[in-house]
Each structure stands twice: as C-alpha cells, then as structure tokens.
Ligand SMILES: NC(=O)C1=CN([C@@H]2O[C@H](COP(=O)(O)OP(=O)(O)OC[C@H]3O[C@@H](n4cnc5c(N)ncnc54)[C@H](OP(=O)(O)O)[C@@H]3O)[C@@H](O)[C@H]2O)C=CC1
Ligand SMILES: Nc1nc(=O)c2c([nH]1)NC[C@@H]1CN(c3ccc(C(=O)N[C@@H](CCC(=O)O)C(=O)O)cc3)C=[N+]21
C-alpha cells in the first residue's frame, strides 16, 4: 500500500510558516500583506475556493478583500477594477478567479494585472520567467505539487516525470518546474498514448478533469502519484483523475482527493502574496 500524502497537513504547515513571517513583517516594518480576490458571476466552485482563500488569508494575518461582480459586468469595467487594484498600495496580490464569463477576454484581464502583484503566476511575464528559469511568482498549484514532492523526500533529479494535461495554469508550468529540478519530463494530452506514457513515470502528475481517467494498472510500481483533478460526482463527492484504490496498490506514495493538492494551492497563494508584499522573488 502506498503512503498517503497528507496535503491538508502539509498545507497547514506552509500556512504556519507564512504566519510567522507575517508577524515578523508587522513587528519590524509595520507591513501587512494584502490580497484582493476578484470574482465574477455565480460559479459555485469559485465561491467555495474563494471562501477557503479568505479563511487562509485571515489565519496567516493578511488583509484580504473580495470584489464580487455580477456576470453582466462589461470587460471595460472589469479592466478598470483591475487597474484600480494595481494602483492600491495596500494590495500586494491580485487574483482574478477563473473561469470568467464568455464575453470577457480572460487573457486580457490576466495581462492587465501588474506582474509584481500576479500571485496566481498566470501573467505572461510570470510564465516567461518560469520558462526562462528566472525567479518570479510561480503558479500556486504546481508550486504546491513541488512542495508535496519535497515533503515526501522525492527528488525529481534524474527521474522520469510524466505530466498528464497541458493547461497554462497547471500542466505546462508543472512540467517546467519538474524540468527545472532536472527530471526527464513528458507532457501528455488528448493525442497521447496514455497507458504507454504513464507506465514510464517515476513521478506522475495528473491534471485533466476526467474522473478516474488514469487506471491503477497503468502505474509503474513504486511511482509517486499526484492527482490534481477535482471532479464532483452527482452525490456531491469529489473524485480525482486517478482511480485511487487501484493506484494505491502500485504507487509508493499518492495524494488523495480531497485533501491532497487542493489545500496546497491555497497555501502557496499565501506564500506568493507574502513574496509579492516583500518583493522577495
Ligand atoms: N487542486 C487544485 O488546486 C486545482 C485543481 N484543478 C483541477 O485539475 C484539473 C485540470 O485543470 P486544468 O488544467 O485547468 O484543465 P483544462 O481543461 O484547462 O486542461 C485539461 C488538460 O487535460 C487534457 N485532457 C483532457 N481530456 C483528456 C484525455 N481524455 N486524455 C488525455 N488528456 C486529456 C487536455 O488536453 P488537450 O490540451 O489535448 O485538450 C488539457 O491539456 C481539473 O479537474 C481541475 O478542476 C485545477 C486547478 C487547481
Ligand atoms: N485565478 C484562479 N486561481 C486558481 O488557483 C484557481 C482558479 N482561478 N479557478 C479554479 C481553480 C481550482 N482551484 C482550487 C483550489 C483549492 C481547492 C481545494 O481546496 N480543494 C479541497 C476541497 C474543496 C471542496 O471540498 O470542494 C481539497 O482538494 O481538499 C480546489 C480547487 C483553484 N483554482
């Protein structure tokens, strides 16, 4: 049986580290990091996520604001709101919750966030820095995965890593971060021969959004398996992209869903906001 990677507990540790640094910043410099979250429309999943973020921000001692707009807000008005947050000196981090309504060009909105305040790590400047191997704000989910690997003593150097999914917010930055740690990286998508590629993986990261797409018997014995997928079933329960029971028979370590990568995403958002406030990247 695989070791269960307790993302919930590790995330709590990351938040505790941030909390200590925030207390020191307040005492030494009178500086309180501030995080602004922009939410548009009534996506129920977004609402849950934003609530989790608010709780975490309070816990670590940040100021936080949620700016909620009706789904009918115009693109120009949303752009104006983002610019206002860019100019607000108490705001060190800005997160525009995705997805945005269809009449809004999400890429344009993301590019309008000041790169120094881009705590999601989605701005083209942040993506460019990552791709060039320069310091910068990193996307929270893959950054959280890297921390999980570290915590279970899994050093990617020289290992075969397979990332399933190539989105700009998870799969692609994940592959680049593993590459930066000297893994030999394969990126898979709809046209890939998944059973063949997955069988090669010493480290498998799956970020697809298809319930239990990855079958247990594809997994290389001893692999470390990280399941980013979050799929809600009809009964309200969450399942990942990996068939968990069968996979845990072969993996050496595996993340559960929920309680794996999800809490790490929020914890790394807190870290990024602290970094943005101190200019520490
Ligand atoms: N835990 C967390 O903190 C977070 C969880 N998530 C979850 O992670 C999952 C992925 O999110 P995201 O990256 O935004 O998703 P996207 O929909 O943007 O990307 C999905 C990727 O999976 C690939 N894919 C889809 N179906 C298949 C298939 N049948 N075989 C192989 N590849 C496939 C797509 O390939 P192609 O490019 O060829 O279309 C695409 O590259 C979702 O479940 C999401 O809810 C996301 C963000 C944070
Ligand atoms: N600009 C932007 N940045 C994001 O980082 C972003 C986004 N938009 N849009 C949506 C996705 C999704 N995402 C999650 C984060 C935490 C959990 C999380 O904490 N999950 C808990 C379970 C929560 C539950 O029970 O529903 C867990 O896995 O244990 C889930 C999903 C961030 N995203």
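Cβ coordinates are placed from backbone N, Cα and C, and glycine is handled just like the others.
Per TrEMBL, the features are:
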DOMAIN    5-120  domain 'Tetrahydrofolate dehydrogenase/cyclohydrolase catalytic'
DOMAIN    139-277  domain 'Tetrahydrofolate dehydrogenase/cyclohydrolase NAD(P)-binding'
BINDING   165, 166, 167  NADP(+) binding site
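Each of 163, 164, 168, 170, 171, 172, 187, 189, 207, 208 belongs to the same chain as 165, 166, 167, is absent from that list, and has a C-beta within 8 angstroms of the C-beta centroid marking the NADP(+) site. Put plainly, the binding-site residues 165, 166, 167 were compared by Cβ crowding within 10 Å, and the winner is 165. Broken down by DSSP into helix, strand and coil, the domain 'Tetrahydrofolate dehydrogenase/cyclohydrolase catalytic' (5-120) contains 63 helix, 18 strand, 35 coil. Mean pLDDT for the domain 'Tetrahydrofolate dehydrogenase/cyclohydrolase NAD(P)-binding' (139-277) in the predicted structure: 98. Here the domain 'Tetrahydrofolate dehydrogenase/cyclohydrolase NAD(P)-binding' (139-277) is broken down by DSSP into helix, strand and coil counts: 54 helix, 26 strand, 59 coil.
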